[in-house]
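What follows is one structure encoded as structure tokens, with my remarks underneath.
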Amino acid sequence: MNISDIRAGLRTLVENEETTFKQIALESGLSTGTISSFINDKYNGDNERVSQMLQRWLEKYHAVAELPEPPRFVETQTVKQIWTSMRFASLTESIAVVCGNPGVGKTEAAREYRRTNNNVWMITITPSCASVLECLTELAFELGMNDAPRRKGPLSRALRRRLEGTQGLVIIDEADHLGAEVLEELRLLQESTRIGLVLMGNHRVYSNMTGGNRTVEFARLFSRIAKRTAINKTKKADVKAIADAWQINGEKELELLQQIAQKPGALRILNHSLRLAAMTAHGKGERVNEDYLRQAFRELDLDVDISTLLRN
């Protein structure tokens, strides 16, 4: 591909609104000014270097475009269950807990809820942002408060002013990383601003506040929980909905997908496997079938015991 072809290819994509200079810059490592100048043949720097970088970007772009398009989002029975808890917390200005095993679709459901509703904010807690200051800072950034104070007191007051009157919903993903002090801070923020709050994560989110592990601090928060949703495993209806979205309806394929979805990682493993199987089948001009699914399980070297499935 020569420089003229690269310029023409990029110009076509931008003019057809398939991408933007900003997106190309972000993904290629070049500045928007450099890309614009290069496309218009006005770049005074090393055109050869820039052309090589943009050729690599173009090749990757077209390779991705040729892949079979996965379903953007599948509204499963579990998704509806999670959304019900989120709507309840929002409408009643209360706290809800959504807990469950990894890979059952909690995070994707929350992201879609945020995308399709106004005044919904979501942050994901990591060990490095599990303190009061770091957690509140994450929330401030999510709220667009890029110049928020960097001290706990002023930051908490700024967040209260920002959230008051919004009738919004704050979703805290991976909330099992949070200790009593941070949860108490979030509880007070929720109460004072009358927003909804959803704490989401593994079962430790809830078990910390109940049973033998319950401390005085956790017990105070527990008494404020209005709704708890526990998702222990993937429902058969969820797998069927995902299979339908991928246009997979053979009995053997459905049975295999159902068995895999019961393993640790559930829908996450299922989606990775479906994408790889779809890529392989697409390259051969065929539809996804049982053989492609089994091959995908093998190639992904999944950390699940599927040996009995593959022998059947």
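Cβ atoms are placed via backbone N, Cα and C, with glycine included.
Annotated features, as they stand in Swiss-Prot:
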DNA_BIND  21-40  DNA-binding region
BINDING   Gly100, Asn101, Pro102, Gly103, Val104, Gly105, Lys106, Thr107  ATP binding site
SITE      Arg151  site 'Involved in DNA binding'
SITE      Lys152  site 'Involved in DNA binding'
SITE      Asn202  site 'Sensor-1'
DNA_BIND  223-312  DNA-binding region
SITE      Arg224  site 'R-finger'
SITE      Arg268  site 'Sensor-2'
The sparsest Cβ environment within 10 Å, among the binding-site residues Gly100, Pro102, is found at Pro102
For Gly105 (ATP binding site), the number of neighbouring Cβ atoms whose distance to its own Cβ is within 10 Å equals 25
Cβ neighbour count (10 Å, all chains) around Thr107 (ATP binding site) is 19
If you measure between the CA atoms of Lys152 (site 'Involved in DNA binding') and Gly100 (ATP binding site) and round to the nearest Å, you get 31
Judged by other C-beta atoms within 10 Å of its C-beta, the most isolated of the recorded sites Arg151, Lys152, Arg224, Arg268 is Arg151
Integer Å value for the Cα distance linking Lys106 (ATP binding site) with Arg151 (site 'Involved in DNA binding') is 32
Taking DSSP helix as H, G and I and strand as E and B, the DNA-binding region (223-312) has 55 helix, 7 strand, 28 coil
Rounding to whole Å, the Cα atoms of Asn101 (ATP binding site) and Asn202 (site 'Sensor-1') are apart by 6
